[in-house]
Amino acid sequence: MAKELNPTENIEKLTDIQRHVTQLRGTEAPFSGKLLHNKREGVYQCLCCHQPLFISESKFDSGCGWPSFYQPLDAESIRYIDDYSHNMHRVEIRCGHCDAHLGHVFSDGPQPTGERYCVNSASLNFVDDQNGEQIPG
């Protein structure tokens with residue numbers, strides 16, 4: 001269950017890049033995100049509402065420059081929206097709880113799903129399984 005936060009207060013605490021990504025559907029520069037090379041065991045949450053989205057076991061190195069996962073934590077974690085921006089069709093992924101922009105999903109990922117959830121670090125908050133440390137993206 002998502003930790004209930006005051007949305008206005010939480011959005012006011014976002015950095016410029018976090019706000020650009022989550023609220024304005026922006027994209028951080030490739031290979032720039034804090035969580036790209038994170039190898040720790042834990043849960044990746046939505047930065048805005050702390051809804052659990054992905055677990056470290058589904059993370060893989062796709063070489064694309066953004067954290068990549070082959071599946072979300074559960075079906076309700078993610079909302080899918082057809083995106084026709086930039087003269088192409090993609091599938092945008094948003095937080096299923098607060099609607100924050102996360103990134104896009106592509107059908108070029110590894111098994112068992114064949115999907116690649118390409119997620120901006122700036123939209124995530126990582127919680128370490130060992131010590132509970134939180135690392136905002």
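Glycine residues also receive a Cβ, built from the backbone N, Cα and C atoms like all the rest.
Annotated domain 'MsrB' per Swiss-Prot: 7-129, in sequence order, evidence recorded as sequence analysis. Per Swiss-Prot, the feature Zn(2+) binding site maps to C46, C49, C95, C98. Residues or ranges marked as active site, nucleophile in Swiss-Prot: C118.
Counting every protein chain shown, the Cβ of C95 (Zn(2+) binding site) has 23 other Cβ atoms within 10 Å.
Comparing C118 (active site, nucleophile) with C95 (Zn(2+) binding site), their Cα atoms are 13 Å apart once rounded. Helix, strand and coil residue tallies for the domain 'MsrB' (7-129), in that order: 24 helix, 40 strand, 59 coil [DSSP]. Look at the Cβ of each of the binding-site residues C46, C98 and count the other Cβ atoms within 10 Å; the largest number goes with C46. Taking the recorded positions C49, C118 in turn and counting surrounding C-beta atoms within 10 angstroms, the largest count is reached at C118.
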